[in-house]
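As structure tokens, the structure follows; a few thoughts come after it.
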Amino acid sequence: MNGKQAAGYRAVEWVQPGMTVGLGTGSTAYWAIQRIGERVKEGLEIKAIATSKASEKLAKELNIPLFEAADIPHIDLTIDGADEVNPQMALIKGGGGALLREKMVALKSDKLIVVADASKDVEVLGNFKLPIEVVPFACEWTFENLRKQYDVPMEFRYRDGSIYVTDNGNYIVDASFGRIEDPEKLAVQLKSMTGIVDHGLFVGIAETVVLGNEDGTVTVRTR
Ligand SMILES: O=C(CO)[C@H](O)[C@H](O)COP(=O)(O)O
């Protein structure tokens, strides 16, 4: 079992019968969803909501009972991956492009458990490019405003030669901040810029991190 699988499996130990569970996105959340699927097959009764079309598809294949947001008044627990985690449990997310739904689901949840392999554990956020979701209308203006404000390398995300379009029909700008000394300040600044829908900084949201080590053991941190 590799670190991602170990972390994903361990986090599912928090899932109890009757809970409503948010299903994260990415190659680590994948293992948590697989494990939830196994437990559902064994008789576990839960409700689930997915954070992306990809996770929705996977959950459907595993017969995990999925519900629309309109039918979910409250989420007990969400298990999701991260691209970077700092000691205060601030995160960079959105490497897989699902940051907006991930943040909406996480904020609706009593508890966000982050699952990641140990390579995501960093002292300072920012080595990973920060994903910023922007509306397509006048996205060049938003890009220019971002460049003027921050003067760091940034580019629109492309996949297979075409601009990457999120599940919400928006674009992503990936920005190389290098070192984000004050994630909370940057999070608030970015959120205040017109044209930006949201960004991959999750500050003060996660309360438990499950880090999977290469040897298959896990380290659990709670704040
Ligand atoms: O935020 C995400 C998707 O938007 C993912 O959770 C993040 O990119 C981590 O993915 P992985 O577990 O594949 O490394």
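Sequential numbering from 1, following the chain as shown.
A Cβ is built for glycine as well, from the same backbone N, Cα and C atoms used for every other residue.
Predicted, not measured: the structure shown is a model, and the values here were computed from it.
Residues or ranges marked as substrate binding site by TrEMBL: Thr25, Gly26, Ser27, Thr28, Asp80, Gly81, Ala82, Asp83, Lys93, Gly94, Gly95, Gly96, Lys120. The annotation active site, proton acceptor is assigned in TrEMBL to Glu102.
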Helix, strand or coil: which one is Asp80 (substrate binding site) in, per DSSP?
strand
Hey, how far is Thr25 (substrate binding site) from Glu102 (active site, proton acceptor), Cα to Cα, in Å?
8
Would you count the other C-beta atoms found within 10 angstroms of the C-beta of Asp80 (substrate binding site) for me?
31
Between the binding-site residues Thr25, Ser27, whose Cβ has more other Cβ atoms within 10 Å than any of the rest?
Thr25
Residues close to substrate site centre defined by Thr25, Gly26, Ser27, Thr28, Asp80, Gly81, Ala82, Asp83, Lys93, Gly94, Gly95, Gly96, Lys120, Cβ within 8 Å:
Gly24, Ala29, Ala98, Glu102, Ala116
Quiz question: given the binding-site residues Lys93, Lys120, which has the greatest number of C-beta atoms lying within 10 angstroms of its own C-beta?
Lys93
Local Cβ density at Gly95 (substrate binding site) - other Cβ atoms counted within 10 Å:
22
Fill in the CA-CA distance, Gly95 (substrate binding site) to Glu102 (active site, proton acceptor), as an integer in Å.
12
Could you measure between Ser27 (substrate binding site) and the residue listed as 'active site, proton acceptor' for me? Cα positions, answer in whole angstrom.
14
